[in-house]
Ligand SMILES: *Cc1c(COP(=O)(O)O)cnc(C)c1O
């Protein structure tokens, strides 16, 4: 074997020694709480399909309808010929949702949330006279976006530290960047306080609502509405492959920022637009999220969450696991060491459940965990099954 490959083999072996090797499993049935994984039906507590829309018959039908009407591929980027009437309608609808919190908001859609965050941070942080203030727990896509941006960067862990950084900054454009719901922890960022700091220091507040969109707030409008925020300084990013059940992402903000991104952000200019049929299906998804069906599903999630915490608390206390407070369908069970988290996940797997172990670098060293996520299609019995399986 050439030394070229050997180097990677050695590095992979190092990872294996640290219990850091990840594997992909093969799903062969639709995304749902019960899914056939590697040929065996498992009870899943790991997808981000919080509302259970990923296999909703109305969305499957809408996607088929979209394919009939627009075909399969978009053929080009949005700026060339890939921007369909379905994309346009979806953006108009998302802008309408955003206007609850951002006056006159305009929205654009992108292929994925990862790309949306690269677009946001490279687009708004494109010059050295900008500064990005990034929360330590932010998602990898925000971290990567900051790495690619020319702006100065600082990382904060709490509000006092952020305030000091803002006060010391002479940057012409200040961008405070935070997950709304921390994806591996489930708790909400202090959005109200962050907005107050943005106002006091003439900054923009960029909020990644990947896990709040569809789940939190009135009619599922997300974290900004949940916190009752309203300001033209808000930049709202959300993903459409989690609670919305399909794929893609959007950015909503003041029209001048959106036009700037449209003109300059490379992750949207240099990529083929997502299939129009997806945008068509997403319009249906927004309708479901906003309506009675969405309400019913959000109510069910709340019941499940309370049931889960009630069952987990005594177990966590008995084993010395941490059970941080969560406002959302994401409930971490922090075990500590990588090997311990892997062993627990393996035990659940042997008992027919899939709850993956989350390890560094996704979370801090020494905080390996099970990240338990709920779906509105789970039943109370499923929670009982999980609690039982966690017992030795
Ligand atoms: C999942 C996620 C993303 C990326 O979104 P995709 O559409 O899956 O690319 C961005 N930010 C956060 C906080 C996420 O959890």
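Every residue, even glycine, has its Cβ placed from backbone N, Cα and C.
The pyridoxal 5'-phosphate site in TrEMBL is built from 113, 114, 183, 239 plus one of 83, 87, 201, 211, namely 211. Per TrEMBL, substrate is bound by 22, 362; the candidate from 139, 226, 254 named for the same site is 139.
The 10 Å shell around the Cβ of residue 211 (pyridoxal 5'-phosphate binding site) contains 28 further Cβ atoms across the protein chains shown. Residues 114, 183, taken from the binding-site residues 22, 114, 183, 362, are distinguished by a CB atom under 6 angstroms from ligand 1.
Within its own chain, residue 362 (substrate binding site) has 140, 184 as residues 6 or more apart in sequence whose C-beta sits under 8 angstroms from its own. Cα of residue 239 (pyridoxal 5'-phosphate binding site) to Cα of residue 22 (substrate binding site): a distance of 24 Å. Counting every protein chain shown, the number of other Cβ atoms lying within 10 Å of the Cβ of residue 113 (pyridoxal 5'-phosphate binding site) is 26. Each residue contributes its Cα atom, and for residue 114 (pyridoxal 5'-phosphate binding site) and residue 139 (substrate binding site) those atoms are 9 Å apart. Apart from 113, 114, 183, 211, 239, the pyridoxal 5'-phosphate site neighbourhood in this chain, defined by C-beta within 8 angstroms of the site C-beta centre, holds 48, 139, 141, 208, 210, 241, 242, 249.
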